[in-house]
Each structure stands twice: as structure tokens, then as C-alpha cells.
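Note sheet for the following structure.
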Amino acid sequence: MVKAISSNLGYPRLGEKREWKRALEKFWNGTITEEELLAETKALRLHALKKQQEKGIDLIPVGDFSFYDQVLDTSVTFGIIPKRFQHEGGNVSLNTYFDIARGKNDAVASEMTKWFNTNYHYIVPELADANPKLLNNRALYYYEEAKKELGIEGKPVLVGPITYLKLGKGSNAESFEVLLDKFIPAYIEILEELETAGVEWVQIDEPYLATSFEKKEIALFEKVYQSFQEAVPNLKIELQTYFESLDYYEEVVNLPVAAIGIDFVHDHGDSLQALKTYGFPQDKYLAAGVIDGRNVWRSNLDAKLALLTDIAHYVAKDKLIVQPSNSLLHVPVTKLSEPDLDEVILGGLSFADQKLDEIVILTKALTEGVESVAKELEEARKAVKVLNESSHRNNLEVQAAIANLKNVRVDRELVFAERIKLQHAWLNLPLFPTTTIGSFPQSPEVRKTRADWLKGNITDAEYNAFIEKETARWIKIQEELDIDVLVHGEFERTDMVEYFGQKLAGFQATKFGWVQSYGSRAVRPPLIYGDVAFTEEITVKESVYAQSLTKRPVKGMLTAPVTIINWSFVRDDVPESVVANQVGLALRKEVEALERNGIKVIQVDEPALREGLPLKQARWEKYLNDAVYSFKLTTASVQNDTQIHTHMCYSDFDDIIDTISALDADVISIETSRSHGEIISTFEEVTYDKEIGLGVYDIHSPRVPTVTEIQDNIRRALRAIDAKQFWINPDCGLKTRQEPETIAALQDMIKATKEVRAEYQVLEK
């Protein structure tokens with residue numbers, strides 16, 4: 001019997017109940033030792049491997065585990081340690097590893113940014129003066145562990161050298177190939193050790209291949225993989241791409257490797273078309289990513305099987321590997337942890353474990369015939385049909401509103417230059433007004449009280465009284481700090497997207513649908529399963545209460561449509577732009593309710609706008625136009641003297657600055673401190689006419705910045721931005737920080753602001 005091969009590309013690290021997160025945080029807090037951390041994480045790792053083994057996955061990834069991030073792991077493997085961490089050679093300690101990611105008092109953390117167009121963050125390699133040496137072969141360690149403990153012949157996973165270097169900073173185009181030449185021998189050393197240990201397959205991830213780049217760069221891949229092939233001829237290398245199609249399909253599939261991994265889900269149909277046009281080398285394996293590794297909806301297995309049957313016309317079945325489109329890092333572990341979900345929605349879901357089941361079903365169908373999995377196919381067919389046809393998915397009123405969008409105003413009544421005068425008149429703020437981004441620390445008491453409320457251990461009245469008490473306490477703290485524009489603190493919210501999902505029709509929260517965002521930070525994206533509709537006021541009560549406590553303006557705080565889309569698991573049966581407009585119409589009603597109730601500064605956060613950009617620049621225009629439209633749909637109906645703010649996270653902005661301006665927000669705040677001034681250079685080169693706050697300190701590190709550091713950041717920004725346009729704020733929300741460090745950092749921020757403000761006022765006189 002000719003057998004197709006089942007494979008996985010990576011498995012979630014978090015654990016079914018976030019055990020990985022808790023272990024890390026216990027270690028950071030000093031409540032467990034390093035040995036205990038290693039033991040706890042090993043147990044989690046082996047449990048994940050055993051599940052994949054029991055499900056019948058043929059090629060099980062090893063080395064996809066990390067204590068923080070796989071890109072940081074690669075840096076540490078090769079000794080790419082920034083000098084400020086004073087590493088003196090040899091294996092990198094776990095404490096140094098975490099210091100690079102999180103910072104310490106005398107050394108700022110390395111920059112963190114989004115992994116391609118996902119909500120996962122990686123630690124950016126600092127490549128200046130890089131001199132790679134293999135310090136620790138993690139891939140070999142995890143391979144030997146899986147073999148010894150479980151008898152698994154695992155498939156080690158590496159971040160490929162070109163992708164790794166492209167993700168780094170501190171090198172330039174002229175020196176790239178010189179730098180690459182330094183890394184090739186270090187990678188070969190890893191591969192030689194793997195080959196010697198008896199490894200059959202190794203997966204080398206090169207998602208850079210799925211981006212847009214100049215064709216001449218293909219020569220770099222030819223050079224690297226030819227070097228690998230010559231050094232380890234007995235090792236089967238799977239060159240793995242994902243998140244998009246290949247611009248240079250014909251060249252990539254002819255690279256000197258044993259297998260090419262291609263995304264057949266997020267490729268807009270390009271991959272199958274390329275296969276039909278150019279064929280596929282008969283001596284290679286095609287690893288077909290046909291199960292969506294980035295969303296949670298059950299696959300239409302009939303359609304997937306038809307796709308694989310098409311592919312099998314060009315690739316022999318024994319050379320066909322069935323796998324997810326990308327690592328399952330981006331989805332929760334198992335839907336079996338969600339017994340309380342509505343059965344129609346639950347039936348339509350597929351988390352990591354269920355996706356592995358789907359892969360095994362499809363592989364068996366290819367090998368043994370459709371009849372061998374007839375029962376499983378029928379079950380999937382029925383579940384998808386029931387969800388698609390259910391009232392859960394279809395709201396006729398919402399569909400009518402979407403059809404009527406041409407009659408809805410999406411522009412502010414006055415242009416910015418006119419309405420900002422009206423806003424200044426009543427706000428009466430000083431030069432360099434100060435604010436924060438939205439959330440304040442959620443202490444153990446906040447989390448425990450919310451948990452008690454959710455369990456029914458305290459009444460609604462008791463919970464609301466606690467939230468009001470915490471809100472009042474932080475309004476007072478902000479006034480004592482002398483912050484100009486206040487926030488209510490968001491103590492009622494677990495997450496800036498999940499909270500809205502709990503209040504809007506068409507959303508469903510999960511209990512354990514957690515995915516890793518960065519480090520130990522996990523998010524629980526809501527499920528957008530149906531048409532989205534406004535059903536009740538979402539933020540009005542808390543905002544109005546906070547405003548009643550102070551004469552200073554308090555910002556209403558909402559999350560914008562594209563961020564809600566990008567940070568949710570969105571239904572896959574209608575275009576995302578339609579869902580974004582449904583969200584925009586619902587939030588428009590919330591914005592109007594805030595304004596009606598006296599909230600005249602409203603922040604509509606769009607932190608994920610750039611991360612959702614398609615990897616192919618040719619697809620940008622539609623995405624950005626859709627994003628601007630849904631944002632303006634949310635905000636355009638307010639009065640001219642109501643000030644609209646927005647906030648954006650880790651991003652490169654130089655190529656979307658026109659889009660940012662087109663959002664027509666009166667004030668934008670941007671996360672900038674970890675990029676060490678790179679974003680500021682964007683504003684040195686363009687004229688931005690609206691008001692702007694560039695984050696003056698990094699909130700992702702527990703380190704408290706000095707007044708001098710903050711002043712340096714302010715002054716650097718003021719070289720590019722007119723003082724009258726400039727706001728001062730932290731990089732991002734402060735929910736994950738501890739209270740003492742938060743207050744200390746804000747004190748430094750206000751002190752720094754007042755000193756710089758005084759300097760400018762003297763200059764003006």
C-alpha cells in the first residue's frame with residue numbers, strides 16, 4: 001500500500017490550562033527553583049509529544065518548545081547576546097536568557113515585534129558584531145529526550161538562517177551575505193550533530209520565502225541549502241514556508257532539499273495554481289499545509305480531500321506529506337476543555353488536537369481510500385453544515401444594515417484643523433499633555449475578585465462595588481501624579497478584545513482557548529462565529545463613574561474593528577471585511593452612547609492594524625482601505641469637539657503613515673521605546689498634521705526607567721514632531737505590570753515631562 005505521511009509543524013507551548021505560563025511566572029517570582037521549572041516544563045513537553053504519538057502523527061516536531069520564543073532560542077544557540085547583558089561565553093544561563101527578553105535594572109530588554117502577520121511576538125536578534133558559535137544544540141537535546149523518554153523519532157525544528165537574519169537588526173544589505181556566511185558553518189554544525197545522532201528528518205522554517213522580495217535573493221537560499229546538502233547528505237531537510245504563497249515557486253521547489261513545505265490555506269489559491277503550472281520535482285516530498293493552523297474552525301474535510309486529490313495528480317502519494325498550514329502555536333490546545341460551549345459552536349471548532357485528528361483522517365483517506373474514513377467525514381460534514389445554517393450565524397437585521405452602508409456617513413463633519421480648535425478650547429491642556437494608554441495593573445486581588453464573581457462566590461453588587469473602589473483609587477493616583485487626561489483603568493476587563501466579545505452578539509468566549517502572545521503572556525481570543533450586533537452598552541457605566549470622580553477628562557476606551565478581527569478567531573464563511581464592518585456598526589453605537597453620557601475623549605485602539613497586513617504588498621491596498629473604512633465607520637458620527645484617540649503597537653510605520661493619517665483620529669499614540677528611535681525617523685521624513693504621542697518608556701519590562709532616559713526619548717521625538725502636536729504617554733497599557741513599578745515609572749514620566757515643558761516654555765518666552 002502506498003502510504004501518505006502525516007506531519008505536524010509545531011505544538012502549543014502553553015499547556016491545556018496554561019501550566020507553562022504559571023511555571024515561568026513562579027520561577028520569575030522566585031517561588032520555584034530552576035530545577036523545578038525544568039521538571040515542570042519537561043512534563044508538559046512530553047505530554048504534548050505523547051498526544052501526537054498516540055494520534056498517529058508520523059513526523060512529530062521536537063525543539064518547537066521554548067521557554068520564551070523560538071527566535072530568541074536561535075540567538076542564544078549561537079551566542080548572539082547583546083553586550084549590555086555581559087555574557088562572557090559558554091552556555092547562556094536561563095537568567096541571562098530571560099534578561100534579554102525582559103530586561104533588568106542595568107540593561108534594557110531586546111526589542112520585541114510581531115512574528116510576520118500574527119499576534120505572536122519574537123525577540124529581535126541584535127546582529128551588530130555577530131560572531132556565531134554553536135553554544136548549545138537544543139535541537140539535538142530535544143530529539144534525544146523524545147527518543148529516550150517516548151521512543152519517538154522526532155523531527156527537529158530550526159528557524160532557518162535567512163529568515164533569522166532577516167528578522168534581526170544591526171546589519172545592512174551590503175553586509176547581509178557576509179553575515180550569512182558566518183552563520184552557515186554554525187548551522188552545519190547543528191545539522192552534522194543531528195545526522196550523527198541518527199535523525200532522519202529536520203524541519204527548517206523559512207517563512208521569509210512567503211514574503212515579497214527581489215528574485216536575486218533566491219541565490220542566497222541556493223547557497224545555504226546547497227551547503228547543507230553537501231555537509232549532511234543523509235539528512236532529509238524539509239524546507240518549510242507558511243503564511244502565504246511563494247512568489248518564486250519554480251525556483252523554491254528546485255532548491256536542494258528533500259521536501260518543500262507549502263501553505264495551501266493562506267495562499268489565496270496561488271499554490272495549487274503554481275503546482276498545476278510548473279509541476280513538482282518527482283524526487284522531492286511535498287509537505288502540503290492544508291489544515292488551517294491559524295484559525296479554530298472545523299475543516300470542510302470534503303474540500304480538503306478534493307484539494308489533496310488535486311495535489312496528488314502532481315506528487316506521488318508516498319511523497320505527499322499532510323500537515324497544518326503552519327505551527328499550531330497559534331491556536332489553543334484542545335476543544336475538550338470547553339464542555340460548556342453551545343454544542344452547535346463546539347461542533348464547528350477544531351483546536352490543535354482536533355487539527356491533528358483532521359490531518360490523520362485526511363492521510364488515511366489518501367492511503368486507504370475515502371471509505372476508510374466515511375464516518376469521520378460525515379461527522380465533519382454535518383457539524384459544519386449545522387453551524388453555517390444555524391441562527392447563530394445569521395442575523396437578518398445585521399445583514400440589512402451592511403447592505404445599507406452606502407447611506408452611512410464615514411467622515412467627520414469638520415476637517416481636523418478646524419475641529420482641533422474646538423477640542424483645545426474646552427480641554428485647555430498644557431504643552432505636552434500626559435496620559436496613559438488605558439489599563440492599570442490587575443493585582444492578585446483584582447484577579448481573585450473577578451474569579452470569585454465568575455464562580456458565583458460573590459454577588460454582582462459586591463463585584464461592581466469592588467470595581468468602583470479600584471477605579472476610584474486609581475483616579476486618585478492619577479490626579480496625585482498630575483496626569484492630564486485620565487483613564488478608568490479597565491479593571492472590569494480581562495482582555496481588550498475578549499471583553500467586547502462578551503458584550504456583542506456574534507461572539508463567544510472560551511474558558512481555556514488561550515494562545516501565546518509573548519513570553520508568558522497569553523491571550524484568549526473570542527470566537528466570532530456569527531453576525532455581529534450591538535446589544536447593550538459596553539463601557540459606558542465604568543467610564544461615566546470614573547468621570548464623576550474628577551474634573552479632568554477621562555477617556556472612554558474601546559477596541560477598534562480590525563484589532564478585534566486580528567485578535568479573534570473569525571468565522572471563515574464570509575470575508576473578514578464584512579465582519580469588520582459589522583463590528584464597526586456595533587461600536588459606532590457604543591461611541592455615540594459614551595458621547596451622550598458626557599465622555600468627550602474617546603480612544604478607539606487599533607494596535608493590531610499593521611500586524612494584519614498581508615505579507616504580499618500587492619494585497620495591502622484593499623486591506624488598508626478596509627481598515628480605514630471600518631475605523632471611520634466606528635468614529636465618524638461624534639461631535640466636532642469630541643476628541644478621538646487611537647493607539648498602535650509594535651510596528652514599522654513608515655510604509656503605512658498615509659493610512660494612519662487617513663484614520664482621521666485627532667490623537668494617535670504609538671509604541672516606540674523598544675525600537676530605540678527607529679519609528680521617530682519616520683516622522684522626520686514625513687509631515688504628520690495631527691497630534692501624536694510616541695511611547696516614552698517600555699511597559700513590557702519590569703524595569704523602572706530613569707527620568708533622564710525618558711527625557712532623552714522626549715527630546716529625540718521633539719526633533720521630528722512639533723511641540724504643539726506632542727503628547728507624552730507610556731508605550732502601552734499597564735495591566736501586566738506591578739503597582740509599585742507602575743507608579744514609580746509614571747512619577748518619572750511626569751517629572752521628565754514637567755522639566756522638558758519648563759524648558760520649552762522658557763524658550764517660547
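Glycine residues also receive a Cβ, built from the backbone N, Cα and C atoms like all the rest.
Swiss-Prot lists Arg18, Glu19, Trp20, Lys21, Lys114, Trp567 as 5-methyltetrahydropteroyltri-L-glutamate-binding residues, and of the candidates Glu153, Glu611, Glu621 the one it assigns to that same site is Glu611. Swiss-Prot names Ile437, Gly438, Ser439, Glu490 for binding L-methionine. Of Asp340, Asp342, Asp353, Asp605, the residue it gives for the same site is Asp605.
Per Swiss-Prot, Zn(2+) is bound by His647, Cys649, Cys732; the candidate from Glu671, Glu709, Glu755 named for the same site is Glu671. In this structure the C-alpha atoms belonging to Asp605 (L-methionine binding site) and Glu19 (5-methyltetrahydropteroyltri-L-glutamate binding site) are separated by 30 Å. A Cα-Cα distance of 18 Å separates Glu490 (L-methionine binding site) from Trp567 (5-methyltetrahydropteroyltri-L-glutamate binding site). Sitting within 8 Å of the Cβ centre of Ile437, Gly438, Ser439, Glu490, Asp605, and not among those site residues for L-methionine, are the Cβ atoms of Thr436, Val487, Met496, Met557, Gln603, His647, Cys732, Gly733, Lys735. Checking the binding-site residues (Glu19, Trp20, Lys114, Trp567, His647) against Ile437 (L-methionine binding site) with a 10 Å Cα-Cα cut-off leaves His647. Across the structure, Arg18 (5-methyltetrahydropteroyltri-L-glutamate binding site) and His647 (Zn(2+) binding site) place their CA atoms 28 angstrom apart. Around Glu611 (5-methyltetrahydropteroyltri-L-glutamate binding site), taking its Cβ as the centre, 23 other Cβ atoms fall within 10 Å, counting all chains. Burial estimate for the recorded positions (Arg18, Lys21, His647, His700): highest at His647, by number of other CB atoms within 10 Å.
Listed in sequence order, the recorded positions from Lys21, Glu611, His700 having a Cα within 10 Å of the Cα of Ser439 (L-methionine binding site) amount to none. Applying an 8 A CB threshold to same-chain residues 6+ apart, the list for Cys649 (Zn(2+) binding site) reads Pro607, Ala608, Glu611, Glu671, Cys732. For Lys114 (5-methyltetrahydropteroyltri-L-glutamate binding site), the nearest of the recorded positions Gly438, His647, His700 in terms of C-alpha separation is His700.
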